[in-house]
């Protein structure tokens, strides 16, 4: 869900309107990076029993943990700003009488969804019900874009697929800025924390079903008693998690994000810059194709904003609890984050209107891209070290690390067997290359922006 949000819509629309299909290669590259980094997140969460935020608090110096926490919260707020703006635009497109300012204010209603449906410490039954609810929203977005693509005319399939090949347009000033936006919108920092944290409930369920650990009571879940997955759970589930991730990102995320760019490239390419935004593509779809096409686009934008907002709350909860051991109820966390995001969005909507909102929407995705090198560095570091990626028995941990308040293994009765699951040299090399590419793109983009080029 995190890979299909209003930020993806905005960057895809601008990229398609400016370069037609040539930046599809940036979307494909970003998707491959996302799959690889998320696989490392799944590996970290499965082997260590900690999400990325908890691992940073446990294994990094306190000052560095606080620094990374600040960047993570900045990324979450930047993400939420894009969701506020995207939701406001969608509401305005569906109901023109509702202004952008009022639409921004109405976006706070999604707090009710969190309050009613999401309980991170509830039973797996309720957690799966919540996942099904969010999946329906995602499926709605996919259906909308299937219909959208079927309505496009006079577009060569060969030209579209050629866009997935590397293009020098990516290295031009405006192309690099937009490629960084696509990168930030696809490899979203908060999704890395989320990916490392969502695996534990399923690993715990595996161990409980096989009698490896006793079933936890609701009070134990509320108190977040320590749990380290068993080797059998890790072996059985890790590969399945990664396969599931790869299929979902390639089938859903890559399809939807490509569909956005293709739709924009087919409909908006060559139009004035001021019309190359979400309003512009809605207008052209409604005029050139049908009013139904415009409505479908607006509806998919609204659904993606709501579903991505829910996911942002879950990841924000993990970041705060993991980094600082600061626990808030999910709906309260959502209310605080959304309130922070709404204020600047309302001010911009009132002061400069449509054009200002579009610029902020695109800039927020570039901010996400800039934070990526900092947030992915500890992920790669942890998964490359035996110290953090070794599974030992017994699987119960009953001593608390004094500074971090995290779990340490009681070795008194522990057998000597252990299973090392660090990255092999190929995985490490690929991880470092991906990190260097992300860092280079952002440094080059910042240099160009500093010179007043691009943006």
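Note: Cβ is positioned from N, Cα and C throughout, glycine not excepted.
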Range among 211-236, 289-314 that TrEMBL annotates as transmembrane segment: 289-314
Range annotated as transmembrane segment in TrEMBL, from 98-118, 392-412: 98-118
Interface check, the transmembrane segment (335-353) with the transmembrane segment (66-92), three or more C-beta pairs under 8 A: yes
Distant-in-sequence neighbours of the transmembrane segment (175-194), which means Cβ under 8 A and at least six residues beyond its ends: 2-3, 5, 7-8, 10-12, 14-15, 18-19, 22-23, 26-27, 29-31, 33-34, 37-38, 41, 51-53, 71-72, 75-76, 79, 167, 169, 253, 257, 311-312, 314-316, 318-319, 322, 362, 365-372, 375-376, 379, 438, 441-442, 444-445, 448-449, 454-455
Remote residues contacting the transmembrane segment (21-45) - C-beta distance under 8 A, at least 6 residues beyond either end: 3, 12, 15, 51-52, 55, 159-160, 162-167, 169-170, 175, 178-179, 182-183, 185-187, 191-193, 195-200, 238, 241-242, 245-246, 249-250, 253-254, 257-258, 261-262, 265, 376, 379-380, 382-383, 388-389, 421, 423, 430-431, 434, 437-438
Positions on the same chain near the transmembrane segment (66-92), where near means CB under 8 A and six or more residues out: 5-7, 9-10, 53, 56, 60, 98-100, 103-104, 106-107, 110, 188-190, 193, 278-279, 298-299, 301-302, 304-306, 308-309, 312, 315-316, 319-320, 323-324, 337-338, 340-342, 344-345, 349, 357, 360-361, 364-365, 367-368, 371, 374-375, 378
